[in-house]
Structures are given as structure tokens and as C-alpha cells.
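Features as listed in TrEMBL:
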type     : residues  : note
TRANSMEM : B:12-38   : transmembrane segment
TRANSMEM : B:59-80   : transmembrane segment
TRANSMEM : B:92-110  : transmembrane segment
TRANSMEM : B:117-137 : transmembrane segment
TRANSMEM : B:143-167 : transmembrane segment
TRANSMEM : B:188-206 : transmembrane segment
TRANSMEM : B:232-262 : transmembrane segment
TRANSMEM : B:274-295 : transmembrane segment
TRANSMEM : B:301-321 : transmembrane segment
Amino acid sequence: MIEIAGVSLALGGSRILDNVSLTVPKGGVTALVGPNGAGKSSLLSLIARLRPLQSGRITVDGLPVDTTPSRQLAKIMAILRQDPGVVSRLRVVELVGFGRFPHHRGRLTAEDREIIAASLEQFDLSDLALRFIDTLSGGQRQRALVAMTFCQGTDYILLDEPLNNLDMFHARNLMRTLRRIADEHGKTVLIVLHDINHAASYADRVVAMKDGAVVAMGETGDVIRPDILESIFGFSMRVENVAGRLTVLHHA
Amino acid sequence: MTAGSLGSQGFAYQAIGAATLLALFVASLFVGVGELAIGSLAADPEALRLIMISRLPRTLAALLAGSALAIAGLVMQTLARNRFVEPSTAGTAQSAALGILVVTLVWPDASLGWKAAGAAVTALAGTSVFLMLAHRLPPTQPFLVPLFGLVYGGVIGAAATFAAWHLDLLQYLEVWMTGEFSGVLRGRYELLWVAGALVVLAWWTADRLTMLSLGRDVSIGLGLNYTGMLRLGLVIVSAITALTVVVVGTIPFVGLVAPNIISRFAGENLRHTLPWVAGGGAALGLACDIIGRLIRFPYEVPVGTILGVVGAVLFLVLLLGRNSND
């Protein structure tokens, strides 16, 4: 369970987050949605201890993120930020392998190697394993970073717009993989999504943010509603049930 | 599954690399003004003395300084997350020279060790300021960081020159700013073993250094003590630079050329590539010192001058080659 209580954040005089409180229950996929500048990425960074907490309290599995040793947190929570700007000349298998570092801290075990190989397979990277990441396309590199995050094997996985640069095949593959690890392995996924339909199709819960505050949260079907979406994004859109899935017709 | 250092022929490459280094080492022992033939070693005690007092220390100094400077360059590139910076062009060496100047001024009889310590302190300060400023530059402009480094190093170097001129110490400054192995004798180079120990320390932390190169967010996400590792890297860069400047003077380009060549072929997983970078730097240092001794025999050209030319050419080749391949 991720518990966020009374978290505010101000950067350079402007208020980014305003007294945010919410609870992400253990297990399942929770989508964070909202317009640009809503504070989604900042909230994710605070949960993942990438940014110092200014006020309020955040705990993951009961561990306060600002005082728990970073090494310990790295075994229960993995974060992939939007465009981390990795420029090193590493081979794909080496980069993905660093996801295991919190567990082995130096020497890869046979189990680590199995997990790395499975992760490469999962994200369609086996053929690229020995390529240097600076020779990959943006989407391939993004998949390598996602595979590294998965490799960390944590109970909590935080992803900031991981579908950037991915084609439809790999975007669908990633969302289905997230769904599967949540259903079969009880993982907790907190994911910032740009495309509201990915949230509508795959998430168990949706947290909607605007102007640094949470404006709606709950079961996906309760948040993906025309009136709530209009209050968040500022224009009206239809929500239809297409072949058993909620679909937002935001171009209509 | 993990890729070897240089692919499947890793062992063959290792053998070739080791043989090259050994050949350069032996050649360095037998090149010089003093008469010395390999066959005479057993018979002639004078020849053995020459080896032990002058040639071996000089060869070891070139080897140690070359490998340590290559690692200092590699670590600095990791810290700055930019392939085109190195201690001698981004203010570290200039800060070290300024430090020696200060120590010489307040304590003229200070030993080499104390001068090195003083130089390490100012090098640390100078490099920290450089990195702080470099991290504020936009990452989308990779050439801005090395250009800023050149200006920054130039300003510090100018300050050192001005101070030395005022204090009538210009000829000393010249010694520290020009890398040369001709003055190396037994008893005058041993501090470089400390630089060698720092190379081993860098290798020991290779995985963490590689993670540092993935950036702050990824490092912290993987549970790395990011700030602590940054500080350790700074100490390694500053101490190696200070030690080499004090003992043999400033040697340019080794820290730029060796890591860039190796990363081209073998990547940047430092656990595998760091020994190659160290070996490449040692080979470059030895080779350029040998060339310096031969080019206008029996006179010598300082290794710093040779490396300035060789390094600049190699670096241009690397830069241009990169464009045609990508």
C-alpha cells in the first residue's frame, strides 16, 4: 500500500502540489491521469524518493520514503521516469542487468541471469541483446528501460508515461504485461498515462489530478465519466462501451 | 549471456593487449642516451644500476601516470556525463598547479607528498565547481560542456600564471604545466603508486560508476548512494590529477583518447572496459615517451608535447569517425 498524506511541493515559488492525500492499495493497476502540469510526475518522483519531501508523509508498505535506506526501498519499489536521458554506451543485456543490482550488488547469480533473459524475451529484445543502446531507436531504447525496471522484480512499479515512443504493438504488449503481473503476481503498478483510453481499458483504479490536487479517484468506471473528464480536461467527450471496454471518444 | 569485454574473441584481444604493453615496457627500458644493450645486463653492474635508478623508474612512471590519467578522464566523463571532458582541459590540472603554487609559497621546503596533498585539495575544489556549473548546462548541447571546460580551465590557468609571474615562480609553473618523464629517478616517482592504487579503487567500484553514468534518477531508483558515489569519483579524479601534476607535470589528452577509443569498441560497462582503458592509457604514455626520446636523439621532446600532437590527431579521427558510422 502506498499512503500519501498532506503532501505539498513548491518549486521556485510556484506551487506544484497542494496538500495531496491518497492511498494506492496493494495489488492492481492504478492510473494517474490529468492535463499537463497537473503534478503527476512530481508526485511520482516524491513517492520514488527522487525528490526530497517538503511537507507531508509518504509510506510504501509502511516504510517512510524519506527516511528508509535507499537500498532497502530499491528492493520493493522500481521507478522509470519519463525520458531519463540514458546516454551510456551499454549493451541492452548489460543495461537490463543493472535492474538486478539492488539484489546482487555486484555478482550476478544464475537466478539473476534467468530473470534478465526472461525480461529480454518479454519485451521482444532478445535479438537486440548485444546491441549498444546508443544505436537503438527511441522505442527500442524505451523497451530496454522498461525491461530494466521489470528486472528489478519489485512489488511496486512506478512508471511515468512509459508508452512514449512505443508503437501500437509494443504499447499494447506493455499494458497487457502490466495487467498480467498485477493479476498473477499481485504486483502494484502506479502508472502515469497520457492516453485516457489506456487507463480506461487496463486500469483498476484511476486517480485524476489537476492543478496540483487530486480531483477524482476511484474505480475506473466511476472516474471515466463524461462529467468528470470534462472537469479535468476542459472539454466534453463521449464515453461509450465498445466491445465490453470503456472507450473515450475524445476526438468526436 | 553477459557480453564479454570484446566479444567472443576476448581472450585473443587480451593476449594482444598484454603483449603490446610488455613490448612497450621493455622498449622503454632500453631506449635512451646511456649505452645499454640487453645482453650486457648480466655482465655489467653499471648497466644494472642505470636500469634500477633511471630507466625502470621512468618506465614505471610513464605506465602509472598513463593508466591513472586515462582512468581520471574516464571517471570525469562519467561524472560530467559527457565524453569530451578530461582533467587537463577542464580546470582540474590548472587548479592542481595553483595549489602547488600556494603550498610552495607558504611552505617552500614542503615535500612532494605535501605539495600533492595541497594540489589535491585545490583540484577537488576546482573540479567540484566545474561539475556544479556543467550540470546546469543544457544536456541537448553536448559540446557546450567541453567548451565551457576549456574556458574554465583557461581562466584558472591564467590566474596561476599571473600569480606565478608576480611571485617570480614562472619557471616552476612551467615544470608543472609541461608533462615530462626525463626528470624521473628512483626516489622521485614513488607517489605515483598511490595513483595506481586509485585505479584499483576505481575498478573495485566499476559497477557503481557505470550506474552513475545512467544519471541521477536511475541511480537512486536502483538504490545507489548517488551523492556518495559522486564524491568518491571527484576524489579519484582530483587525487590522480594532483599526484601526476606534482610528479611529472600535466600530460594532456590521455584521459580523453584512451576512454573514447575503448568505449567505441567495447562500450562503457566499466566492469569490463576499465582495465582496457587503464592499459590503453599506459600504452599511450609509454609509446609517446619513447617517441619523445627518439625523435631528435640524443635530445628529448617532453611527453606532454608529443601527446599534445598524437592525442589531438587521434581525437580528431575519433570525432570524425563517429559521424560517418552513426
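A Cβ is built for glycine as well, from the same backbone N, Cα and C atoms used for every other residue.
On a predicted model such as this, the values are computed, not experimentally measured, just so you know.
Remote same-chain residues near the transmembrane segment (B:59-80) are listed as 25, 28-29, 86-88, 90, 92, 127, 130-131, 134-135, 145, 179, 181, 184, 189, 192-193, 195-196, 198-199, 202, 209-210, 212-213, 230, 233-234, 236-237, 240-241, 243-244, 247-248, 251, 254-256, 258-259, 270, 274, 277-286, 289, 303 (criterion: CB distance under 8 Å, separation of at least six residues from the stretch ends). When Cβ-Cβ distances under 8 Å to the transmembrane segment (B:117-137) are tallied for each of B:12-38, B:92-110, B:143-167, B:188-206, B:301-321, the top count falls to B:92-110. Through the fold, the transmembrane segment (B:188-206) approaches residues 57-58, 60-61, 64-65, 67-68, 71, 74-75, 112-113, 116, 229, 232, 236, 239-240, 243-244, 246-248, 270-271, 274-275, 278 of its own chain, all at least 6 residues removed from its boundaries and within a Cβ separation under 8 Å. Proximity of the transmembrane segment (B:274-295) to the transmembrane segment (B:12-38) is established through 3 or more Cβ-Cβ distances under 8 Å for residue pairs spaced 6 or more apart. Tertiary neighbourhood of the transmembrane segment (B:301-321): same-chain residues 62, 178-182, 248-254, 256-257, 260-261, 264, 284-285, 288-289, 291-292, 295, selected by CB-CB distance under 8 Å and a gap of 6+ residues from either end. With a cut-off of 8 Å between Cβ atoms, the residues of this chain six or more beyond the transmembrane segment (B:143-167) that come close are 80, 82, 84-85, 88-95, 97-98, 101, 105, 126, 130, 133-134, 137, 173, 177.
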